[in-house]
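Now, the feature entries from TrEMBL:
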- Asp191: active site, proton acceptor (ACT_SITE)
- 38-275: domain 'PABS' (DOMAIN)
- 1-22: region 'Disordered' (REGION)
Amino acid sequence: MGDISYSNGTNNANGNGNGNGNGVNGKAHSVLNGYRKSCWYEEEIEENLRWSFALNSILHTGATPYQDIALLDTKPFGKALVIDGKLQSAETDEFIYHECLVHPPLLHHPNPKSIFIMGGGEGSTARELLRHRTVETVVMCDIDEEVVQFCKSYLIVNSEAFCDPRLELIINDARAELEHREEQYDVIIGDLADPIEGGPCYKLYTKSFYELIVKPRLSKEGVFVTQAGPAGIFSHTEVFSCIYNTLRQVFKYVVPYSAHVPSYADIWGWIMASDTPFELSADELDLRIKQRIKGENRYLDGKTLSSASTLSKAVRQSMDNETHVYTEGTARFIYGHGHGSAYKQN
């Protein structure tokens, strides 16, 4: 679903001379006596809606046995990692996603020492976890070694995290790894690709996985958190609401929350779950941030987290009324397809 195209203001790649190709604006950019080529990335968010932005360059494209990958140097968002035609993170705003994923469950836990990450191959989740003074062990389990090595090579912002002795990197299917391990963890994090049809991750959003694999691996007062896809006024019914309802069947306390991530062109959602209530006030969260986390958060503080869990009226009502339970046989997917998405250079 992710396309790369060029326009030069006079002729597009298809040679029809109208200055437009693949839905990209072909407006001419005068540079001395010629035209400056514009290179654009375009992602199809839904059938009648596309999101595009200009590129400085294409740093790398390739394919692993599991997924297609690309690293783009974008004009509005800096370096951007794209997997299976879906933008995963961008340099300028990835801190929003990763602070929201990591810090809420760790702050709500009384003393988080051991963490298990499902996915997280780019290393940003580990980076945020390792800022916590209480953390002693982080197990990062990603199925795709090529993506991990790719991110280690190109995303230098996370190089320190990959070298931290507290980090144990495992290349394996997260489900198989959790089944095999006997240890329990204070926090388990689902930093997984979105559930897309044909993708490798949708089975890790199911009730049976949460009930039989995740929950038994949590220690007393343990917290589970997962990224849960788009959470906008229209998009939240794709997967956010049913992941929320699925977790309600397994855990006593479930909290959905969301934030705007500009490079995603939408509100994004995360869901925390535990059998211990989430009772900290904004001031108590701020105190724990000060006591536990090295350095300053760029996005998240107590008030931000408290407000993030206050969803809009329409979304709140929809979430409360959701009845769908996510199983392998009744899976929902966000728009798009898995391995096999094409990058076109027109």
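Glycine is treated like the rest: Cβ placed from N, Cα and C.
Averaged across the domain 'PABS' (38-275), pLDDT for the predicted model comes to 95. Of all the Cβ atoms in the protein chains shown, 24 others lie within 10 Å of the Cβ of Asp191 (active site, proton acceptor).
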